[in-house]
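In what follows, a structure is listed as structure tokens, so that the remarks can point back to it.
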């Protein structure tokens, strides 16, 4: 289990890069890396050389999040103006534009089957589920008020605590997790559209989450409290906690084989954690500013044996690593 | 049995006197001697015999009688015997003088001796024995040169006079000319091979002094062969053996000493050596007995000194310092000169040090140092005294000297290191490392205290790897190794539940039940705590937590571990756990100042102001010297002053004064307290005294930068605030940016907000917007930021449209930004409606309206601009075509040049001129056309719009006014001390005594949602003021800017003028476009 730096592309965008994801390989091409930046553009990159495939414009204010459909041909991007643009990865044709004003759109994720796009609904305290067939919105999954505004006393603005920041689908598509500014992690039964419970442990914003691809019960959360938590979402128990980052942990992704964890942090590093040893095994310092997103390339595509990990940062660069 | 026969006068009979049965009273003998007129030599014989038997009075009685004038008269012809008697008396007094301590008696004895010898000389001035006696007298008086001369006189007459030779030998020996002395002893032996054994003893001593140990030993052995009971030789041999320092030698030496002791229990020297031996074997009672005997047996001051010393030393080791001091002093009083025997001085120095009498101690050690300037131990001892006297510089000097003199002295290095800790981590570390290296080299165990110190210093220097190594070495094997290396972070039966910060950790009990040893020796707790601190610093919180929990599990009274856990919980915003932990500490120790401080800051964080104040005050009551509590109270007052809930200027001034007073109080206690200084700077700034406060902040910043353990972003922010208030925007921006990057990993949205504010003031709208976007990204739930961003974009658009000259691109951009602003406002409006974030819906709607309106206007602007652009393009096109035509013509002209005449060319020029005029005319025509269009306004709808515009302007001006108010208030982040930190580690390690001051960090001001709403509801204006209020709000400063910042107000006044006039220009423009 290790990663090795392949390439650091400086000035990949004109400004800070806040979002990254991989569009899976399709029949015609390999996987593509999609990045979103404060410069209001979304860029698509190809291959190990990070060759620029296309630049998508059209967003106003910074691009906060990008998500790719499991088919690989469709992706979504959203910016601080809270419009979600769904587009064709290969042609850049706009498929639809989604808006759920007045609630913000924050991080997004397609469910593993590709039937839904879950959008963290910011101040609405809910997750918006869009049906990808007709682009109609399902009943939003709302965190009950009692949970969202629980006793955590530190919020300066009323109601801001339940600002939903991130969403994550379990690999079987049955569970959906969402996380908030005050550290609440809520688990939903995605099939029945029901709130189940919350997970205890964080009291600061949880900006990113990821389910294990090999164990649908296991959820990883990262927080401004510098910690990475590993939960059993069914028993609601904290299995393990990892510490080592010197500042906020902004992003987490699990390797496709489920044995490793990559995290990106405000401390400018990317760390690789071995889940068997439950310890950090590598610290990469390719970036010199906050690392906003890390993403493992999904398996698939021709002749792709070794894995890839990408990271993007406020320093405007994109880094690519080989994962073996 | 020996007999002396006294011939009976006038007969052949003799009186037989048994020598061992001499009558007790010498007068009986004297009577016989006198009656029988016995030969004088018999008198002498009896006297000698009495002497030998120790009956000194009898001896003296006989000799006095024997040297009386009657005898002189009667035996006037028996010269030799008369001389012998006198010489015997002389010798006796010489000896008395020699051993006498008191100078007066000593002198008297010597005078008596001199008188007897002089009388002897009067009888026969050539008698060699008299001369020899005189020589010995001089020798005893210490007059070596004269003594030598006297002996020489004898030798000149009788070169083989053995006593004279021996006398000279003695002189030479005392002069330290051992070779000469040796030669003389040899001569004496040659002349008189059957010399008494003592001559050979002299020989041996010479050889010993000359370093010819083997021959010396032979000599002593020969003495013993001749006289097996010669104590001196036994002692000499013993000393030699002991000095070999080999176990066998020492044992043999002690055997000799014992033999000497058995033969003659009064040989003080042997006693001393024996005592020395028993001292080192720890049999102190024997020492005491031996020394009592020795003291009784000898009059030799030097030997007595040694005996007293041995006694003192014995008491010293028994920690009976008072008695030890008495005997050391006795020993010293036996000595004429410290040079003779220095050890008691050293001992007395040590004892006084123990008794706390530093000055006396110092004077004794200094005496030692006078004689042995290079004695490392003494230099160290003096160093320790200086240290205890607080004369650190001198102490340092001494320990440096000690380490220089003996670079292998581990203790000296350790002491030096500990001295340096307070001033110079680097050098201290070097000293400790040297000690460490020395111990390693000699394969001695390294005390864990030393390792701990090394670890702490590495830690202070941020050399975490080395610190970790040192701590691990110090701790050795134990369960903590697994914890520290992260092997057993999740333990227990459930198969891996992570240790929680607060839980009563049954995991440990499970471990113990499973038979795992969690043994944690008390002396290692501190080191373990330090190790945990290190992990904490490395952000390995899991390891830190488990180690702290282990400490608590085994040593529940170690409250520092609780405090660290509470601090860690606080850092994770887990206030409930933090509170729980603090309560635990306070349950054990009600008045624990740190725990109370922590409780205070927790209460502040929960917005419970009154409680916090009470808590801080209670610290003051229990511990009046806790500068942390003072500081916290100062901060409390500052907050209260700028809190602005009651807008009572008087109250505010009172609070500020109180804050200042408290900060000053802290500074009196701890002049180097940066946090208090920072506080003073803030109060000054609040009062508008910027220059002074800037100076204060700058100094604090420098001090903080010089200290690796202190992080003080507040002072950077405050400095930046000052720059901002003084209009030095570039500097302020730089300062905020550096602060963000250096202290916050760019994560602090608050500082980004300050940055945006500065850009706003500097009218750098795009930078302002970018900073705000970042802030929103970091704190998406802070809607104020969105509002501010929308304002910035609106402002940008307005400003751009106001510009007299702007490109179509610029206008397009401002249209885009207006749309964004509109979008954000609309969203906020929606949010306000559904969630009530403290925004007034109406006001946001007003913004929405305004933006819409501006957007409409901008569209016209855009069209105009685009038209203009179009026209410009056309103009350029025409110009270009003209230029091309001209070019073509010139080329043609050139072609025809040779053919054409000058005249023709003139004509051509005229034609060209005409052409140009025509063009000018055409252009003028365009201009008038445009102007005409403007003038073509019809007054119809104009008035209505004018009205509307007026209203708007009014609103805008009002806004300006409002907005200028809170402008200059700095929001000085105030220092809020944190809990004990790294200092704790030091304190725990025993390196520092006081550790609270430097170790404080700021905490965010407590939440003030209530106030936000209030501020907003009070303001009935729009954008700018809202925005600024929002900024201000975060800082607890409010619109009392005029009160706090007279100067700031001035600034804003002038500021106000400018935009007003500018706005007027803009108004016309707007109406223009309206009408368009």
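A Cβ is built for glycine as well, from the same backbone N, Cα and C atoms used for every other residue.
TrEMBL assigns the feature region 'Disordered' to one of the listed ranges (B:822-865, B:866-909), namely B:866-909.
Per-residue confidence over the repeat 'TPR' (B:342-375) averages out at a pLDDT of 81. Long-range contacts of the repeat 'TPR' (B:376-409) within the same chain, counting only residues at least 6 positions beyond its ends with a Cβ under 8 Å from a Cβ of the stretch, are 346, 349-350, 353, 358, 361-362, 365-366, 368-369, 415-416, 419-420, 422, 431, 434, 438. In terms of DSSP helix, strand and coil, the repeat 'TPR' (B:162-195) has 28 helix, 0 strand, 6 coil. Under DSSP, residues within the repeat 'TPR' (B:197-230) fall into helix, strand and coil as 28 helix, 0 strand, 6 coil. Secondary structure of the repeat 'TPR' (B:376-409) per DSSP (helix as H, G, I; strand as E, B; remaining residues coil): 27 helix, 0 strand, 7 coil.
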